[in-house]
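Working notes, structure below.
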Amino acid sequence: MSPHENPSVETRTESDTFGPIEVPAHRYWGAQTQRSIQNFKIGTERQPAPLVHALGIVKQAAALVNKDLGGLDPKIADAIAESAAEVVAGKHDDEFPLVVWQTGSGTQSNMNANEVIASLANERLGGKRGGKSPVHPNDHCNRGQSSNDTFPTAMHIAVAREVQERLLPALSHLHTALDAKAKEFESIVKIGRTHLQDATPVSLGQEFSGYAAQVALGGARIAATLPGVLALAQGGTAVGTGLNAHPEFAERFAAKVAELTGLPFTSAENKFEALATHDALVFLQGALTALASGLFKIANDIRLLGSGPRSGLGELSLPENEPGSSIMPGKVNPTQCEALTMVCAQVVGNGTTVSFAGSQGHFELNVFKPVIANAVLQSVRILADASVSFTDNCVVGIKANTDRISDLMSRSLMLVTALAPSIGYDKAAEIAKTAHKNGTTLKEEALRLGYVTDEEFERVVRPETMLAPSAE
């Protein structure tokens, strides 16, 4: 909130190249952050916390590298690094109030970090909150940097950390649960379905093994995009040339970030590409969208197989977690499936946002950076959270309704497929169509038509033998 909107807030005067401006006295931010608060009253979406923490990593690493290169007084550099470490730890999240909808380079958020960290460092060195002495937001915290390379670097750091520390473990958790169900259900034979119609048999375990494989492959595709995300733009400064940065800064900076995060970050080979495009994040979002597609299918299958309890497919019983209706007593809904599919719908929408925003690299700079960062980070976070929720509150508690599965299996006309190799497709189709028309069983019609004997039918039409290739 602007101090002008709340006169009771005590203020101090800060200044930038536009002149003086009043800032809440208890806040660590300065003039440029305050101007952004006043100029961009758009929505409620603040810069994501992982991005704020990543900006802290950038400032911490830059200060330490600049100290090593002789570009910063050691006392100032250490004060900046220590203050930035507090930002990384989330101790000052409430000092980062800026919304996503700001300048497309993220300049205001970069300056928000510079101002807060400089203010913290000034207090460390015996100075006062705010101001520009002894630590200056631009001259010291932003030394050898531009918003144009700092913000994309923070984007990559934030996304890589979230994928590595949050999403991939969540997918592993889901995969483990689905794989356990595949093994638990491996001996339960059920009717398969294609085009929403009866098909030949599968085991329930085989069906779940497909889900498990889909999750594993989705995670692998996401992991395969990380090398591009681990390449950092820092050192390109304003347009990719590296103006005002030490020749060794970029490589040393990437190594320092790798040391601080434990992730193998590198310096981007071509800084012009790293500033003007966000293809690496578009690529990652594509993999996230593919994962969302797969998770939607899995959740949809499970809720359909659990439909009922008396008038649906009813092959599965899903955990009953909460009442499902305010008007229908006793109704329970597949809420975890619904939550996951809504997450997937959001991620698919984010894919459209990121693809379009990624195309907006006009000349030397893409200026849709904050919306790309927000969309990708949201995709990663909600996919991770939903995967854990779906696992813990649904998948682990799924039970097979074996009586219902057996009943549906015994009435399926598609078991006739097993007869096709011996009597031919046309005769097998005739048996199925006649049984459907007359309301009789396959066996009754096969014997009446004289195409097989009782012994032949019993030997061939056995669902448990129809789950794998056969030489017979």
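Positions of Cβ are set from backbone N, Cα and C atoms, glycine also.
Annotation comment: Swiss-Prot describes 1-20, 127-149 as region 'Disordered'. Positions annotated as substrate binding site by Swiss-Prot, on the basis of sequence analysis: 105-107, 136-139, 146-148, Thr194, Ser326, 331-333. The active site, proton donor/acceptor annotation in Swiss-Prot covers His195, and the record cites sequence analysis as its basis. The active site annotation in Swiss-Prot covers Ser325 and rests on sequence analysis. The annotation site 'Important for catalytic activity' is assigned in Swiss-Prot to Glu338 on the grounds of sequence analysis.
Annotated features taken from Swiss-Prot, shown on the structure.
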residue: Ser105; record: substrate binding site; Cβ within 10 Å: 23
residue: Thr107; record: substrate binding site; Cβ within 10 Å: 19
residue: Pro137; record: substrate binding site; Cβ within 10 Å: 26
residue: Asp139; record: substrate binding site; Cβ within 10 Å: 13
residue: Ser147; record: substrate binding site; Cβ within 10 Å: 23
residue: Thr194; record: substrate binding site; Cβ within 10 Å: 9
residue: Ser325; record: active site; Cβ within 10 Å: 10
residue: Lys331; record: substrate binding site; Cβ within 10 Å: 11
residue: Asn333; record: substrate binding site; Cβ within 10 Å: 15
residue: Glu338; record: site 'Important for catalytic activity'; Cβ within 10 Å: 13
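When secondary structure is read from DSSP and collapsed to three states, Thr107 (substrate binding site) falls in the helix class. In this structure, Ser147 (substrate binding site) is part of a helix by DSSP. Here Glu338 (site 'Important for catalytic activity') is positioned 47 angstrom away from Pro137 (substrate binding site), judged by their C-alpha atoms.
Distance from the CA of the residue listed as 'active site' to the CA of Asn333 (substrate binding site) is 8 Å. In space, Glu338 is the closest of the recorded positions His195, Ser325, Glu338 to Thr107 (substrate binding site), judged by Cα positions.
Under the DSSP three-state reduction, Asn333 (substrate binding site) is assigned to coil, being neither helix nor strand.
Distance from the CA of the residue listed as 'active site, proton donor/acceptor' to the CA of Ser105 (substrate binding site) is 47 Å. Look at Thr194 (substrate binding site): DSSP puts it in a strand. Of all the recorded positions in the list His195, Ser325, Glu338, the shortest Cα-Cα distance to Ser147 (substrate binding site) is found for Glu338.
When the Cα atoms are compared, Asp139 (substrate binding site) and the residue listed as 'active site' turn out to be 60 Å apart. Put simply, Ser325 (active site) is 32 Å from Thr194 (substrate binding site) when counted between their Cα atoms. The shortest Cα-Cα distance from the residue listed as 'active site, proton donor/acceptor' to any of the recorded positions (Ser325, Lys331, Glu338) is found for Glu338. Cα spacing between Glu338 (site 'Important for catalytic activity') and Ser325 (active site): 14 Å, rounded to the nearest whole number.
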